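Trainee: Here's the feature list from TrEMBL:
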type	residues	note
COMPBIAS	1-10	compositional bias 'Polar residues'
DOMAIN	60-126	domain 'HMA'
DOMAIN	142-208	domain 'HMA'
REGION	1-28	region 'Disordered'
TRANSMEM	303-330	transmembrane segment
TRANSMEM	350-369	transmembrane segment
TRANSMEM	381-403	transmembrane segment
Amino acid sequence: MRDLQLTQVAGTRKSPPAMISSGGEDADDMKEDVRLLDSYESLGDNDNSHRIVIEEDGFKRIQVRVTGMTCAACSNSVESALKSVDGVFRASVALLQNKADVVFDPALVKDDDIKNAIEDAGFEAEILSEPIKLKTKPNGTLLGQFTIGGMTCAACVNSVEGILRDLPGVKRAVVALATSLGEVEYDPIVISKDDIVNAIEDAGFDASLVQSSQHDKIVLGVAGIFSEVDVQLLEGILSMLKGVRQFRYHWISSELEVLFDPEVLGSRSLVDGVEGGSNGKFKLHPINPYSRMTSKDVGETSVMFRLFLSSLFLSIPIFFMRVICPYVPLLSSLLLWRCGPFQMGDWLKWALVSVVQFVIGKRFYVAAGRALRNGSTNMDVLVALGTSASYFYSVCALLYGAVTGFQSPTYFETSSMLITFVLLGKYLECLAKGKTSDAIKKLVELAPATALLVVKDKGGRCIGEREIDSLLIQPSDTLKVLPGTKVPADGVVVWGSSYINESMVTGESVPVLKEVSSSVIGGTMNLHGALHIKATKVGSDAVLSQIISLVETAQMSKAPIQKFADYVSTP
């Protein structure tokens, strides 16, 4: 069963969210599903989808299947047509699902009026049938995204997925090798994110949490902390803020994780409270999870490049002594010069290869040991076994020759060159993974870093402007968009008129006129006049965030033939 949460649509009643469950697919097929774009969408995309009807404080909510939409401009046309109907309280259109979610006053509007409004806009509409109302227990599952390091092949992916699925409280787990990411749907009451990270690390891989669907947690970068006294001051300020449940400061990364009650304290109020409580000593800014992933990928690539260069510089002399020096009389005589029980060339090769084998190649032994402790094998086990056989055979051959006088051939260069070529492959793999995440990186860069918040008094009059981080924008905030800047969030124009370039979403290069009551999309470019917009969708509900989620899901999905190939190739 797929359980999804529907939020309250109108009124002031503080009742808990209603939960409606619809028949779905099994856990394996859920991997291939695309996450729903619209914040009001709640059921699967199969042909047995139903209309959800919620009657609350005089309002009614239905779902309509819309046929004929081909781009974001079409969905905006349908949404505008629905909002223009007198009595419609809220309308939202999901392009990929070809559905519209409408909340309206049944005393003023009927279902047929909504259908006719869509058809008048040039599209076909069908009111979806009403389901049997079910009562289910709230499903408090969360969706967490984790970075998983150390995976080298499909066997590693299957091993991690198997371990995650066996954990109590884990409903679903999907791991992607190309992006080194894993998505886990879990019950926070049964298992925590730290337990998931520990389970992955116990399996021999590196893991860390990137982001979660929890709306009561925020990760902030902190500037202005230089000593333990500053940390104690920060902890004292957080302890005095109402709504803060838990917090943890990381010295190395200068990051602050805060768990708070969103009904009591907002993310922007939290930042303002800490900065105000410290009299400006501390400066806090939210950290974009995608930026953290990008910096981690860059760091891993640079480490691999340094290891490869180090191994290459040490392996070239070994290869030179083996292949070139025997044909140069002077160099050959120097290498054959006996120094103790061994020749000079043997001493040099042994010393250089030992550094490559046990210093540069240490990571292969560590990863192989973890895999063997977990009862599995991977490429690290193969590399460690092959290079160790070559190295220790050569050492034994040297010792045997020193004792018996019979000089056996050595293969030190084989070990060093194998490690060098494997590290080259690792480096190229890191570059390929970086290219894979470039699509997400470019999408994230479309959103502006900051926004101009219009400060109002209790009477609703504008008394000033304030620059804030775009990640701190909250619904119903009034934002000012200057000419030549990007729209910071999805919303509705409440003052001014201008032309906006929406080619980012629609692909249409002709600017679109935006006036009062017109909807705007975050990340699009304002060309001419200044605008005041009221933010309606922020965070994961924004169009840009939904596009990023679709790209991530596409990267994590596997074709059936790929799943079969991974199953066959896994020992």
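Every residue, even glycine, has its Cβ placed from backbone N, Cα and C.
TrEMBL: automatically predicted annotations, no manual curation.
Please go over these features one by one and say how buried each is and what sits next to it.
Mentor: Taking DSSP states H, G and I as helix and E and B as strand, the domain 'HMA' (142-208) has 22 helix, 24 strand, 21 coil.
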Trainee: Where else in the chain does the transmembrane segment (381-403) make close Cβ contacts, counting only residues six or more beyond its ends and a cut-off under 8 Å?
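Mentor: Result: 341-342, 346, 350, 353, 357, 361, 364-365, 368, 371-372, 409-412, 414-415, 418-419, 422.
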Trainee: Mean pLDDT for the domain 'HMA' (142-208), rounded to an integer?
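Mentor: Average per-residue pLDDT within the domain 'HMA' (142-208): 82.
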Trainee: Please list the DSSP helix, strand and coil residue counts for the domain 'HMA' (60-126).
Mentor: 22 helix, 24 strand, 21 coil
